[in-house]
Each structure stands twice: as structure tokens, then as C-alpha cells.
Amino acid sequence: MSTEPTLLLALDLTGTFAFALNGALTALRLARLDVVGVLTLGIVTAMGGGILRDLMIGAVPPATFADWRFLAVAAAGATIAFLLGHRLDPLARSITVLDAAGLSLFAVTGASKALQYGLGPVQAVILGAVTAVGGGTLRDVMIQRIPTVMRAELYAIPALAGAAVTVVAVETDVYGLATAVVAAVACFAIRMTGVRLGLDAPRPR
Amino acid sequence: MSTEPTLLLALDLTGTFAFALNGALTALRLARLDVVGVLTLGIVTAMGGGILRDLMIGAVPPATFADWRFLAVAAAGATIAFLLGHRLDPLARSITVLDAAGLSLFAVTGASKALQYGLGPVQAVILGAVTAVGGGTLRDVMIQRIPTVMRAELYAIPALAGAAVTVVAVETDVYGLATAVVAAVACFAIRMTGVRLGLDAPRPR
Amino acid sequence: MSTEPTLLLALDLTGTFAFALNGALTALRLARLDVVGVLTLGIVTAMGGGILRDLMIGAVPPATFADWRFLAVAAAGATIAFLLGHRLDPLARSITVLDAAGLSLFAVTGASKALQYGLGPVQAVILGAVTAVGGGTLRDVMIQRIPTVMRAELYAIPALAGAAVTVVAVETDVYGLATAVVAAVACFAIRMTGVRLGLDAPRPR
């Protein structure tokens, strides 16, 4: 059992790194920014969702912000994006996979933390998705783009699915490493299927 | 007396529904969004103002977010907007009236809650207005539009007026159902007069 | 010793006034706004950074929002901008200097308050900078502009420097009026050097 927290921490840090790298690269591609902008937007992408969740549940200062390891990993991801920029283009596919892994992890841990703080199941599903997609949404708003999550691709829907599986597992008392993995894999599979097939969420007529 | 809370709840839910419907319709009209975007923006319009107020006064998790009935009503309003879209155009006038009712209610209940949490009278007036206009402001920022409330129409001013009447009533110990209605009617009357006459707030020269 | 808090209050109010005036003038110049928009954006520029910091550390209601003097001074600065507008153009240089003074003060007091609330040194440096640049960032996002702080000039970097000097002073137990002045002067000097020489932060290749 004692390896679980270490494993979870390692996964969380990996997700944070992937979000910061991908978030900073997206910001770089879409807006003329300086080093302050690229680092800020990488960190915001990586930590913004968890911060929004923690503000909503009253867990302040937000956990990942208070832990220097998350800040360091997020800053490292954003710095690599700043220094290498387009030279990372050949890694685009791997970065998308890493980003989907981050999405999955954040949806699961976000929903589980919301339940721990006493929120109801529906609220926990929403906050799981907010944890996963909130950072990218903040980044998009800051670079004057209507958030992708609100207009294309399957991004919030897999996060909601992963969070929902998590909430069901907790409410039925079967939550543990195994069910958390199931929830994360559900999110990851939907996300990567959407990427592979170019699926979008339904649009109004 | 025991019917007052029920009445207030019914009014609050009606305002939430109106804001979600109107907010989602506005978002639909102005931006290409998918189902995630329309639902998110409807819910943000309906609940964002109250959430901002609750974060500012430390009432977390925010009351309407923690109560599934508000979430359900907001999601219902946004879903109707998503499904029916332009077919609701003939109801535009009624929706504007409902929206003005929501504005009035939120200004009054927002100011009153801020006072309950110990804020000063000026702060309570501001937070009453934030409760009423904050959700629409967040929506506008998320769809890349300079918030209407900051550039046209009379929208914040009636909310400030309704909140101010509320604060005066509380501070002079005459706050109750009757004075709350007076405050809400003041806001509603200014708002609807502005809509009818096409009034705008003063602009700089 | 008893004059220090009074002096600090006077400086803080001066910074708040400068930020509100400058913030409202910038908003006026860049977007068609009405009186609600100009006052809102002036107040947001002046108080938004401190509010973000206070939400992050759990100091709610935010200190400057709860103190009517800050609200009054911010509203006064924004009102002057609304009434005089372009007639303040001849004062542009003085306003830039006042704004740099506000930046310096907010960076120092923001970092120091974060430490008081138990945050780590890196977090305190970041929150000092957030206090200094957060309000202008929120204003820029609300008027649909990619925040200047993320793409040009030296604005966040002097704030980070001032906050870092503050944190070092506190951690080495030499923090006091003298070292606070040193930290503020460091920030002010870098900012004004950047303005004078037209320096920008490094951009990605």
C-alpha cells in the first residue's frame, strides 16, 4: 500500500508536466508572447484547473500551488516549450498522448478530492472535469481564443466520464487504485478515440 | 412566515432558469459552440455571479453550486436553449422580462447575503450587483466579447439600485419580504424602462 | 515606529489610486465603454491583484475590498479618468511613474502578506507579482486584449524582483521599513529603466 501515494504523486507530476508543456506550446503557436507569457500560460494550463477546484471547495492555499514540486515541474515543462518551440513539433503525437494522460489523471483525482471535501456526486463529477479542463480554458481566454473545450473535439466529455466512474466507485465503496485506473483508462480511451477519429461533440443545429 | 423561504426558493430557481436560458441563447448566437460550450456557458451565466460573491465572502462551497436543484434548473435552461435555439426567437420579449426578474432577485439576495456575512454597506451593494451581472460578464469574456454590461444598456445600474435599496432596508431594520419586493421592483422597473426606451449608461466624451 | 503603518497605508492608497487612474485610462483608450465599464475596470485594475492573492491564501473577504478607503480611492481614480479622459494625456509620464510606484509597493506588500499566511518563499514571490500585475491582467482580458504583461515591456520581471528581495529579507530576518524600501526601489528602478530604454522581456525564437 505504501507505494500507492508515491505512484500517484509520480503520475500527478507527469500530468502536470504534460499540461504545462502542451499548454505553453499552444500559447506560443497562437499568440505573440514573451518569456513571461509563455511561462505564465504553461503554469496556468497545468495548475489552473486544480486551483479553480480548490477555490470552490475551500482548500486554500491550493494544494499543488503550495507544493513546490508541482510548481517546479510545471515551470520546467513551460521552459522547455519556450526554449525549443517548433523543434518539438515532431513530438506532437506523443505530447497529445501525454496530455490525454494528464486529462485522465486530473479528472479522477479532481472528482475524488471534491468528494473528500463533502461535495455531492454531481458536483464532484463537474469539479473533476473542471480540474481536467479548467487550466486550458483559462489559457485560451487569456490568449483571446474561445476555449477549444467549448467548441470542438472530445475533451470535456471524456473528463466527465472519468470523473463519473470515479464518483460511482467511491459511492459504492469500491474506490481504490484498481478502480481509479479503470476510471482514468475510460477517460483516456474516449479522448484518444476522439483524437484518432477526429470526433467533435454535438453542435446545435 | 413559513411560506417565505419556499417562495424565495421558487423565485431564485426561476431566476436561475431564466439566466441559464438567456445566457445559453446569447452564447449560441454569438459563437460557434458545441454542446459542452452551450451548457457550460448557460450554467456559468446562471451561477457565476453567485459563485464570485461566495468566493469573495468565503462561503464555500458556493451555496447554489452545492444545491443540486440550482444545478438541475440551470442545466435544464441551457439544454432547452441548445435543443431549440432559434426556434425560441419568438419568445425573445418574454425571455428579456424573465432575465430582468432574475437580475432583480439576484441583486437583492446577493446584497442581503453579503451583509449577513459581515460586509459593509458599500461592499454589499457591489456584491449584490456582482451576483446579478457577474455570470453574464464571465460568459461574455469566455466567448471573446467585451461584456455588454460594461458598454451598453442599463444593466448594472438597476442591479446597483436594487442592491442599494436592500442595504438601506437592512441597515434601518425594515428588511423583510415587503422591502425585498420593493428593492426587486425598483431594479426591475429601471431595467425594463431602459429596455423599452433603449437607454444606455453615460459614455465618456 | 507608530508612523510606519500610517506611512504604509498612505503609500498603499497612493498605489491604488495610480492603478485605478491608469487602468481606467487604458481601458478608455482601447475599448468603447460606458461609465459602468470605466469604473469597473479602474477598480479591477487597482484591486484585482490583491483580491486574487487573498483568494489564493484564504484571506476573505479580501482586505482592500473590505476597507472602504481603498474602494473610495480606487473609485476616485477611475472617476477622474472617466471625466477627464484625453485631457490627462499631458500627464502620461507622471502617471507611468505613479503606476511604477504602485507596481513596486504591491509586489512588496503582496509577497510579505503571502509569507505571513504561511506560504513558501517561491509561492510568495509569485503571489507578490500576482498582486502587482494581476489587476491589469484581468482588465486586459475583460477588454479583449492579450495582457501586455505577457507579451511586451518589463512589467512582471521588476515585480518578481521586488517580491524576491522582500522574501529574502523576511527569510533572513532583516525585513523592516528599510529593506521594504530597498525591495520597492529595486522593482521601481528596473521598471523605469525598462520604460526609458523601451526594453522588452525575451521572446521565443
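Note that Cβ sites are derived from N, Cα and C of the backbone, with glycine treated the same way.
Quick caveat, the model's predicted, so the values are computed rather than measured.
Sequence annotations record features per position, and here TrEMBL assigns domain 'Glycine transporter' to C:10-84, C:97-169. The feature transmembrane segment is assigned by TrEMBL to C:6-28, C:35-56, C:68-85, C:97-115, C:121-142, C:154-170, C:176-199.
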Two-stretch contact, the transmembrane segment (C:176-199) and the transmembrane segment (C:97-115), at least three Cβ pairs under 8 Å: yes
Confidence summary for the domain 'Glycine transporter' (C:97-169), mean pLDDT rounded: 97
The transmembrane segment (C:154-170) and the transmembrane segment (C:35-56) contact flag, 3+ Cβ pairs under 8 angstroms: no
Chain residues outside the transmembrane segment (C:97-115) and at least six past its termini with a C-beta under 8 angstroms from it: 8, 11-12, 14-19, 21-22, 49-50, 53, 57, 59, 121, 123-125, 127-133, 155, 158-160, 162-164, 166-167, 170, 175, 180, 183-185, 187-188, 191-192, 195
Surrounding residues of the transmembrane segment (C:121-142) on its own chain - C-beta under 8 Å, 6+ positions past either end: 19, 23, 26-27, 41, 44-53, 56-57, 102-104, 106-115, 148-150, 155-156, 159-160, 162-164, 166-167, 170-171, 187
DSSP-assigned states of the domain 'Glycine transporter' (C:10-84) in counts, ordered helix, strand, coil: 65 helix, 0 strand, 10 coil
Secondary structure content, the domain 'Glycine transporter' (C:97-169) (per DSSP, counts of residues): 59 helix, 0 strand, 14 coil
